[in-house]
Structures are given as C-alpha cells and as structure tokens.
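Beneath this line is the structure, given in structure tokens, with notes to follow.
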Amino acid sequence: MEPTSLILFGATGDLAKRKIYPALYNLYIEQKLPESFSLIGLGRREWSDEFFQAQVEKSLHEFSRRQADPARVKSFVKAFRYSVLNISHKEDYITLLDLVQKREAELSIPSNRLFYLSVGPEFFEPIAQNIQESGLGSTEGWKRLVIEKPFGHDLQSARDLNRNLSESFTEEEIYRIDHYLGKPMVQRLETLHQSNPIMKALWNNRYISNVQITANETVGVEERASYYDHVGAVRDMFQNHMLQLLMMMAIQLPHNSTPEKVGLKKKHIMESILPLQKQTVGASVIRGQYAEGSIQGKPVNAYTAELGVAENTMNDTFIAAKLQIDDFFWRGVPFYIRTGKRMKEKSTRIVIEFKEPSGQAHGVKSNGSKPNLLVIEMSPDQSMTLQLNASDPQNKGDFKPVHIDLSPDREDLAEAYENLIHDALHGDPTFFAHWDEVELSWAWVQPILDAFTENLLPLHLYPAGSYGPAESDAMLAAEGHHWWFDEPADQDVSSVTDVPLAVNGNL
Ligand code: BG6
C-alpha cells in the first residue's frame, strides 16, 4: 500500500470515536495500513497531540471489536497529530497544509492525501473548496475525498452538491460511503453467484419468485429528532442503504469483473427499475409511523411523543415498497423492500424465494414442502443459508426443510468501516456509491418524496414492537406472498387508526 496521510475532519466527533479509530486500529493489527501512515485529526476544540492520542486510545478500549492491547495501541497512536480547524477560516487550512507537509517530510513520503469528511453534510462543500484553494489538494501523489451520507436531500440538492464537489475533486477521487456496502455479507453477494455456477444459473426470473429486503430496527428516533424529522425512513435508509442492497443483489457480474463494471451494472439496474408517478405512488409504497407500543416487554412512546419531534408530524418512520426491474433477467420478479424504526426485532436480511414447480400452489403445501429459499442475514446475525426440501423419514411421502449453511467463518468478519477504509486507502471504489447510481436513486425516489410532502398517500400508524402497518403485509398477500420469518403478531396492528390525510391541510 502506498504511503498515505489521512486528514480527518470531525476528529473529535462520535463517528470517529465509535467507528473510524477502531477500524483503523484493527487494520493496523492485521497489517493492512500503509507502512508509512500519518493521521491528522481536525476539530474546533483546542486539543494537544497528546490529548488527542489519549482520546483515540480511550475510544479503542471502548469500541474496538478486538480487545485493544495497551502496547500496540501506544505504537498505533504515534502516527496521530491534531490541528485546530474552524471550517470557514481559510487561514486554518494554510496552517494545516504546513503540518501535512511537515509530516510528509518527517516520514519522507510522497503527498498522497486522503481527506475524510466525518462532518455534517452542510460542511462538505466549504471544506472541499478550501482544500482546493489552500493548495492542500495540489498533490504530487494522489488525493481522495471520503464523504459520509447523506448525499443531498432530494434529486436537485444532490445534483447541486455533486456539481460543487466536482470543482475540487473528480468523480474517481470521490469515495461516497454507504456503510451497508461495507457489511461483510453484502460484499459476499458479489462473489456468490459470480463464482458459483449453480447460483448464477438460478439468478433470474425463470427460477426466482420474489426477493425481500428488510432492514428493521428496534431503536426509535433516539436523540436525532432534529435530523430525522426532516428526513424520515425514505431518505435515511431507503434511498441509500436499501437501494444499494437491491443493486448488489440484482447485478449480474461476469467472472473477474472490475470496479468499473460493477458501477455500470448497478447503473443498469437503477435505470431498469420501473419509475413511479407521484399520483399513484400509493399503489406500491406504504408509509408508516410508529404509535406507542412495547418492545421486548417494555412500553415505548409514539413517534409523536418523542423529544424534538414536531407536533402533528407526518414524518415516515417506516416505508415498504414493491419495485420491478424491467430487464431480461428480472422482468416479473417483485422486489419487496421495507425498513422501519421501533419494529419487533433488529434484522437486516435478504430473502430470495425460488419458484415452485409449475402447477403447484404458492406457499406451504400439505406434504410439508416449502419453497426453496436463500436467506442472507446481515445483522445481527451474519449468515447465508439455502433452504431445500428433503424427504421426511418419519412421514413417508412428506418433506421437511433442510438448511445448507453457506456462512463464512465468523472470525473472518471485519466491521463495515474496516472494509471501506481499507478500500479507500487502496483506491478501490467497488463498494462505494458512484454518482450515477446516487443520482438515479434520488430520481427514482423523488416521486415518493413529492407524494409524501403533498400527502397523496395515507400515513399508517403501527404499534411500536410490530412488523409495521398491516398494509405492508397486504401488499405482498395481494400477490400470493408474505414476508418471510415474521413471527405471529402479539399486538393487534389493525387497532391503530391511521392519521387522516387532511392533517396537514394539504388535501
Ligand atoms: C444509518 C441511519 O445510516 O443506518 C440510522 O442513519 C440507522 O438511522 C443506521 O439506525 C442503521 O445501520 P445498521 O448498520 O445498524 O443497520
């Protein structure tokens, strides 16, 4: 790996502490960091290098997946320096440039600079511009910009942001993090059918009945109401994480494909999804918001009673949708997607349901046979299981499901941020969100955003601790399907009344 200076904006923040430092430490232990490596942390607080290093050490003891070894931690943090930076003060970037160059000279390394923006999205543009104007971006080696989500608030703002960033960094230099793409099981999707001819042969509408992508969380809005109440599940999870999962599941890759090929194939998927019309969004999208309920036996508040949430808010904490990819491989296969807060359990999974032999009714049959399923669990479990039917020795002529475990060794599983930071240091853009697909995702989602804003579809309330509104189940039932692995309801979802559409006076 080439020698690198990592320049981290937001070095005193929560993401750095919980994810970035532990990821770097684990890469260091596995000897996956460049041999000559310098990190310069930036923040508004007046910290010394020593105090910064002590904070990093503390975060490793608290958050590293590997127990932090004191001696190794000490040698790891030696590469860390700190500089005070006020994002809008141009002179602070000049001071930073001096420090970066001093460290490059000390280590005798070329000016390969990775700028990591672990800051709010409102700071992306001024930082990129100041990097450019101060000379920090004029390197003899390479430069890269790593940014976190959200990338825009809608189609227009995403386009504006991209245009402005592209004045300082080229598309090849921009690494947009979507941490779902770093999840080990998502990374394995790419190779699953690529290196298994059996899977490759089955990866199409001839054999697959439907695909279900779920990201359910038990947490509510927590302390993030000021952000979440303007964003909702559609922007927070659906436009990015969920559509990325769909793309990664649906792409058909040739053997030994390049990062460019992956980008092109993902773009093709997004271009092939049948578009929605604002007026008819309600036919394939369900909008929900949690009412009060209970999770693991504990009563929890309704979304509207959460601290910082606007009175009469129509914000979505749940969204389910049916998407159709209109191409040769996937025409006719529904992709059902759902994500919500305050759901019954935390589970992020993809279920691929295979077709049953022709002439047989859908679902469980009297002889016990069930559809073949490929189940990819991403969180909290990480596993891949193929469910097939075998004859039941106890009951002649009947079948019972058997499970074939395709899971990787648990030991091998790195955290998402380890995978992503490693790839960014390496210059491998495969598992980052490319502009084309980000733009196409916003374009696809835009009619949903408009329909939500104009209240063109109902806001269904669901009790906290359920699987979301009953309408989400009905959407699948109408096509003879059901969400796999939902446990029977212990709360009566139908007893919660929907929010009348006229609540905001828009209809
Ligand atoms: C983040 C969202 O991007 O993803 C959060 O902003 C959400 O609201 C989180 O809780 C979920 O990530 P994970 O990895 O826990 O499924």
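Even glycines carry a Cβ here, placed using N, Cα and C.
Because TrEMBL annotations are produced automatically, they should be read as predictions rather than curated entries.
The candidate list D154, D160, D236 contains one residue that TrEMBL assigns to the substrate site with H179, K183, E217, K341, K346, namely D236. The local packing around E217 (substrate binding site), expressed as other Cβ atoms within 10 Å of its Cβ over all shown chains, amounts to 18. A16 (NADP(+) binding site) is 23 Å away from E217 (substrate binding site) when you measure Cα to Cα. Filtering T12, D14, A16, D236, K346 by Cβ distance to ligand 1 (under 6 A) retains the following binding-site residues: D236.
G10 (NADP(+) binding site) carries neither a helix nor a strand DSSP state and counts as coil. Considering only the recorded positions K183, D236, H241, K346, G10 (NADP(+) binding site) has D236 as its nearest partner by CA-CA distance.
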